[in-house]
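Listed in TrEMBL:
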- 33-474: domain 'Aldehyde dehydrogenase' (DOMAIN)
- 255: active site (ACT_SITE)
- 527-746: domain 'Aldehyde dehydrogenase' (DOMAIN)
Ligand code: NAI
């Protein structure tokens, strides 16, 4: 017996398209422009034309940005409750028109109606409800923050409406106005959403939607009137955007590609794991950034598991996406089909075994690809490393949990992962070891507005959803109060260090690498003079090799990341104590270098800052979310890894401590380039560190040219983030540009300095957010 067809009616959606004349202009300032310079949007299931859309020009983008700018103050001024009511109205309208949206999405994208109806649309509504809530609570829960301003949002075609909701809901809740660009293949639900905005009472200019290809995206990215960019799409374009925005001061969040591991241990419920895998790699035809595209199965059950999997694949139904009983729909476009076919063919030529269900009938029209399982690929093969973005699973085996983790992390990406085992200890042992923003335990592809989503490494940075997602659209008010220029002591009037200055002797401070003082590789040093021109000493002239050594030492110091927060707090308190004990000496050194009159105050502030971050170390707890699924999501703040820091020139002790302490408080290891002009306060810290139980390799210090050393840090593939706060606008722009190579996170101060004495400017959760990344671990609970 076979299934009969169970098609969902497309009457309403087709009627809506007819009503619109099947031609769409742009939605700017709550009005539609005349459709011009049209491009086609086809139904991928049959290749037929659905509608035509306008290719926006940069003039159009200008007008959209201007409209958004005009509308922003009033939207912000509406207050949390005012915005909450409108977001709530959007949520209600999305629910009311869910069927129309679901069918339109299926027609436009090719994904099955089962998915658009049961996954995309409920999640879309949930996002607007949830963020209506944040708008309502904004004054209370995000006090001390303001909206970023005008945000540019660019999304891909795989979840057209859901990605819109992920972007639009938090931006609106926080009080921003928007210029939004859907993907060129799939803009129709965004057009319908524009109508919903009008119905929901979104004021003119608050949401603007411009359609077109990458050129429109580029115009948004480069527009000076945009304060923040949120992008989801390919890693390649993410990189281009990072480079294009370097030095612009625009806030940026990137949600990029993935090659997520799906780990099955021998004690897993294998049948449940097979179903999980179906949801993981065949959901949306595998066109999912977090698709579990790499199966890692324990050798002892490999054969059994793969047999079950092949049997399940044989039962997957591929066909009309509007048929309610189909599992697999059409691919978004023939281009995607050709890309996937090319990668699978290469694997076949390389001798891999390619399994595709024999009974899978591919329709003649449209773009399709059968569910595919590849075995026998080497770990370095293209199919094992590249994001295929199709219904193609690559399977490998492992013997031990350690090997599973090693294979799981053998990728440049770090978006998501699945762990299947009935052993809770094993699951919770493996979860923290996987370098990915999301870990699903005994489940797959679960999403919720309350649980942040986003990647590690080349999967991008920033989170969507949850409290952390709101911060992406907010700016601390303290950022606005920064001084116009760095606070540098008045050199001219400074008194020369006393003639009895104990530092007047000629000595060369070495570098500090792996807890040891090290001679610079180049054997050069530079003279350091005081504010009065007096020679104070020499410091090593660090070079690329020294940075490499320091990064290697930092990499090895993993014990610090694994240490308890309590332990890290103790060490920070101890550093403060030892610094205070030598306070007078440090104050004299600061005075001699900078001529500062408030040198004692700076030492005191540095001691207090160490206490401040020691206090935070064991209080920066994560959250436990209770999403609608039966489970809990534990959101943990994890260290990023190795952070390269270029410390401020001014306040050579306080500036250094203000950046290093929060970074190490949450478990990072750092390579620091201290104040180029006044490095001796940092080199004097070596002994303080040595006597404070700080393990070797946690803090590494390389003195020398800030520009040159920053460049090396920014291009080093083993540095996970780079912070530059030495007041050099050109230098900050350069590290942002260079960071695009391995998509490191950056935190730069630009030319605008920071008052390092102010806890509001140098402390708080914003700094902690720069020092950490959130990992969401989904755990079954109460099922
Ligand atoms: P893409 O990254 O080119 O497109 C995503 C969005 O960015 C679209 O709206 C596009 O118009 C826009 N865009 C393109 N070039 C731009 C530029 N220079 N500046 C600003 N915006 C720009 O992704 P595409 O071409 O649709 O897919 C190519 C591959 O990327 C896929 O096969 C897949 O491997 C990967 N991909 C990954 C996604 C993810 O969520 N991780 C989503 C979509 C694609």
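Residue 1 is the first one shown; counting continues down the chain.
Glycine too: its Cβ is placed from the backbone N, Cα and C atoms.
Averaged across the domain 'Aldehyde dehydrogenase' (527-746), pLDDT for the predicted model comes to 96. Its own atom aside, the Cβ of the residue listed as 'active site' has 28 Cβ atoms within 10 angstroms in the protein chains shown. Taken residue by residue with DSSP, the residue listed as 'active site' is part of a strand.
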